[in-house]
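To start, the structure under review is shown below, and the notes come after it.
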C-alpha cells in the first residue's frame, strides 16, 4: 500500500515543486480540473490590471502600438511554439479552437481540391471532441466532402485512398487516451492524406513535436494546460510548407498583408499571419501570456520532458491509489495504462452514480468533473481527473484518492444534493 | 464667432453631462477617437479584477455556472438589443465583427440559394470597411457569388434582379457618412434582396431601429461606442423570421442546442444562439458588459435619442469652429453636413499634411486619427475626429478646434517628428 508519507517524499523529491508558487490556488481545494480550466497564475491579476488601467485607461488608442497589443497574436504564438515542437513565426494565438479548426480544415480541403481531387473524405474519430466534429460536418457539407468517423483504434487501418484529411484530437477529452502523433502522421502521409491535430489536451501537458512528426496543421486551447484564463484565445499552427500556399476563408483584416493600407482587396499576409481574422480580445490575450509563461517557467527545470515525467508519476500514483483503496466499488479505469497512450488525466467509469460521486468530491474540495456517457449506454458515464504537473502535488493525489474512498464507502454520493443536474463545462 | 463661453454654456445646459463621471479619462487629453477605441469606464477595472481574482482564482471551473460566464454572450446581447432596436433574445455578443459578418453573410447566402437561386450578387459599397469586403470576397468565391461594389450613393439604383444580399456599413468608417438604414432596407426588400448592416460605427452612437426597419441581419463592434475595451467581443443580430431557418458554418459547440450532451451530431440551438461557436474570452466579455452599461446609463436621461441630439450638437459645433477658425488652411469637410446623413464623427481632408496634423494634435493631447487616402489619389487623406456624447464636452470641442488652428497657423505639423509613419489602428 502506498502511504501518505510515500507521497510526501515524492513531493520533497519533485524537481518541479517550486512551480506551484506561480499559482494562486484557493485554500482547501485539490484542483484536478486543469484540463478544463487552468488555475490562475499569480502574475495575471496585476498584468490584466495594468492593461486595463494604464494601457487602455491612459494609453488609449496609442496602446495598439505603444503597448504592443497589435503584435500579441504573433508574440504569444512565438511563446507557444517551443511547447508544441514548432518554430517562432509559425504559430498565432487567436480566436477559439473551433474557429481555428475551421480555418485550418478549410485550408486543408483547398489543398485536397487542388492536388488530390479524388479524395473527398475527412477521417476522424467517433468520440472526438464534439465541436471538432460539428465544425467538420458544416465544412464538409459546404464543400462536398464526407466526414467519416471511426473508432480511435481504427484510424490507421481506415486510411483508404479517398481520405483527404485525418483530423484528430491528440489526447481524447473523455478518456485521456493519446494518439501516437508521429505514427499516425506518417501513416496518413504514406496514404496520401494530410493531418490536422487538435492539441487542446496536449499543449502544456504532454510533449508534442509537430515539426518532428512532419504534421500539417494543428490547433489548440489557451485555457486548459496553458492557464490562460476562462475562454482564453486559442492557437493555430500550419507547417511552413503549407502556410503560404492556401488561404482560409475567415479572411479578415488582421490576416491581410498590409491591414492599415485599408485596400479593398484581400491580399493574405505571408505565413501563419494569414490565419488571423479580426481584432483580438486584448484583456484575455494578456492573461494568456501570463499563463503561457507558467509553462515556460519549467524550461530551465527540464521543460516539457520534466513535466511529462511528473504527469505520468501523478497519474500512475492516482491509478495505484484508486486500485488499492477503492477496489470493489465498481470503478473501472478508462484511461490507458500504457504510458505512451496516456495523456495527463485519469478517467474512471461506473455504471451508475458517477455524477453524484463527482459532486460529493467537489463538496469536499476535490474538483474533478463528470462527463455523461451516451444515451444508448454504449459509452459509460465518466469521472474525469486532470493532473497538472505545474501545480498538482503528490500529497494532493493521496488525499484525492482518500476522499474518493470515503465518498464511495459511506454512500455519500447518493445524497439528493449531489444529484441535481445542471450544465457543466 | 462661437466663443469659449458659448461652449461652457452648452456644457452647463447638457442633460447628459453627468455621464462623463462614468469614465476614467486621462488628465490633459481631449479624446476624439472613441469611434476607434472607447474610453475606459470607471467600473471596469474592479469588475475585471473581481472576475480574475474571485471568479477565476477562487471559483475556478465552477464559475462557468456560478458566476454566469456561460450566459454572458446572451446576457450581453440582451443589453445591446435596446440600443439597436432589437428585442432580448435576438442578439449575441461574441467573436469579432469580421467573424460575425462571415456567419450572417453565410446564412444570407444559404437563404438566397434556397429561395432565389438566380440571385448571385452581393452588393456593397466600394469604400466599405475593408474587412467586410475581404470576408465577402472569400465567401462569395467559395459559394459561387459575385461581390459587386458601387459608390455609396449608387446603392439603391444598383438593386438589380441578380442581387441576393445588400451588405453595408451603416456609418462609413472614413467619411462618417450614414446610410438611411430604413430606406435602403425597404428598397432592397422591394428589389427582392436581403440586407446585412454592419453597425460598428452606429451601436451606441446613433439610433438604430433594426426591427422597425425590417432589416434581416446585423453585426457590430464592442470596442468603439460601446466602450468594451481593446478587442472587446462583437455582436450579431438576426431577425427572428430568419433565425431558426438557416445554419451558419462556424457550427461550434456553443451554438449547439445542448452543448453539454456532447453528442457527435450538430443540432443548432433555436434562435440567435446558433450564431455562437466556441468558448468566449470571459475577461474581455465582462469588460464589455461594463462598457454597454455606460450607454444604458443614458436611458433614464433620454437614451439614444438624447445621445443623438448631443452628438449632432457636438459635430455641428466642431464643423462651425473649424470653418470659423481654420478657413484658408486647405481643410475640406468630408462628413455630410446634413444631419440625417451624418454619423458621430467629423472627417476633414487635406491634399497634404493630414498625417502630420494629426500627430501634432496628438502631441498636444487632442487625439483623433489619420486615415490614408487611396494610392491613386481618388480618395484623399483624412483627419478623423470621433465625438462620443457620453464623455465628450462642448468646451473640449472648442479647445480641439483651437489646437487645430494653432497647429495649422504655426506650421507645427511640418515638423519631422510628426511625419514618421507607423501602423495605426
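Every residue gets a Cβ built from N, Cα and C, even glycine.
Of the residues proposed, A:169, A:185, A:294, the one TrEMBL records at the same pyridoxal 5'-phosphate site as A:97, A:98, A:129, A:130, A:131, A:132, A:198, A:201, A:223, A:253, A:279 is A:169. Using a 10 Å Cα-Cα cut-off around residue A:224 (N6-(pyridoxal phosphate)lysine), the binding-site residues A:97, A:129, A:131, A:169, A:253 reduce to an empty set. In this set, none of the recorded positions among A:169, A:201, A:224 has a C-beta falling under 8 Å from a C-beta of chain B. Within the set A:97, A:98, A:129, A:130, A:131, A:132, A:169, A:198, A:201, A:223, A:253, A:279 that the record links to pyridoxal 5'-phosphate, no two Cα atoms are more than 30 Å apart, and one pair reaches that distance. Residue A:201 (pyridoxal 5'-phosphate binding site) falls outside any helix or strand according to DSSP and counts as coil.
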